[in-house]
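Encoded as structure tokens, the structure appears first; notes follow it.
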Amino acid sequence: MRLFFFIQLLLVGIAYAQEKTPYIVVFQPNTPLGLIDGLLKTVLGLLDSLTQFTSGPSFSGIAARLTPSQADSLRQNPSVKYIEKDGVFTTLGSLSLKRHSKRTMLNQSPGIWGLGRVSHRAKGVNNYVFDDSAGSGTCIYVVDSGINTGHQEFEGRASFLYNWVYESTDDLSGHGTAVAGTIAARTFGVAKKANLYSLKACDRNGNCDVSKVISAIAYATSDYRTKVNNGQCKNGGFINLSLGGISAGWQSVKDSVVAATQAGILVVAAAGNDHANTQNYLPASAPGACAVGATDSNDGFASFSNWGATVAVLAPGVYVQSTFIGSNTATAYFDGTSMAAPHVVGLGAYLNAKNGKQSPVALCNYIKSTSTQNTVTGLGGLTGTPNKIAYNGAA
């Protein structure tokens, strides 16, 4: 009997030791693809749930479920830069509980309060004033829950690119569609002529595996390079990340953002909704990311918004109306830094189309320097938080 229980325990121990855990494996820069393929075959054998990602020679890797022995083998391989455990981000917006030059300058009236705020120095003006270039010639990648690409508000400018989630390519939560609408919808968008690209990395419940997010960032980076080489995106590329969570280190997130920035893409990230210091959150604190906190229509700092010196600028993020799912005309109201970030992505596209393309770092700095300053209330004790609301310079 004792021998039987010993064998049982031994078998359980062996099974536990070989249990697979999700990992992110990043290869050394400039590792040849042939060497990577050989490594996967000889060291790992057949893997379930294997995803390869690359944004170019400087950043490439895989996401896979590995046994402890497989992970150890990879750590010792000179072609591997580092290995880290996968994790989960969440989307950072929710349905609002309130529920109730020779160029031509255009005036959208009546307008949306957030659009009015980013186009006027004073609060309480809802009409949107904007240059008719309106973000034309820009490519904006929305890493999120998907986009209702057939919505009338997108006028055929929204396209699906790739899905990493084990569900429909459609937006099943509405979050990504609301984000996209704030960026570039005909009525609700800051950059009304920008092109939108859906990269689905989050499921219907708002969960986004870190490995899926970095795969999407890498995909956007590679796709942007291809489009530029084909004469597209003449006024720049942008990635919107209205998602995140408390940092567990995740060097892969930081490296993916750096690679995108080096490729000429402005990466804008929501600061977070925990009313905590943004420096402890990713992707908002990643080097090169332009992090955005949220304000309400009275220029009050949103009670949920993360804060701190890591935040670049503030933007409307409370009771923001945008596009939604369920039909091709649906709308809804959202709260969250998820809605603040796309105001700044749209503004970046708008400014590049109007003034000429700038580098990502220069553009984020320009948005900070031209912002409406010292009007936000509720920042007491929130050390380092910029009293700056994004502004398009129109009125």
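Glycine is treated like the rest: Cβ placed from N, Cα and C.
Caution: TrEMBL annotation is automatic and unverified by curators.
What you see is a predicted model, and the numbers here were worked out from it, not measured in a lab.
The active site, charge relay system annotation in TrEMBL covers D144 (among others). Summarising the environment of D144 (active site, charge relay system), the number of other Cβ atoms within 10 Å of its Cβ, over all protein chains shown, is 31.
Annotation comment: TrEMBL describes H175 (among others) as active site, charge relay system.
Contacts of S338 (active site, charge relay system) defined by a Cβ separation under 8 A and a same-chain sequence distance of 6+ are given as T91, L92, G93, H175, A178, V179, S242, L243, A270, N273, G317, in order along the sequence. The active site, charge relay system annotation in TrEMBL covers S338 (among others).
What TrEMBL records for 55-88 is domain 'Inhibitor I9'. In terms of DSSP secondary structure, the domain 'Inhibitor I9' (55-88) contains 8 helix, 17 strand, 9 coil.
The annotation domain 'Peptidase S8/S53' is assigned in TrEMBL to 135-378. In the predicted model, the domain 'Peptidase S8/S53' (135-378) has a mean pLDDT of 97.
What TrEMBL lists as signal peptide is 1-17.
Long-range Cβ contacts of the domain 'Inhibitor I9' (55-88) within its own chain (Cβ-Cβ under 8 Å, at least 6 residues beyond either end) map to 17-31, 35-36, 39-40, 43-44, 47-49, 207-212, 214-215, 217-219, 221-222, 225, 245, 248-252, 255-256, 258-260, 262-263.
Every protein chain considered, the tally of other Cβ atoms within 10 Å of the Cβ of H175 (active site, charge relay system) stands at 31.
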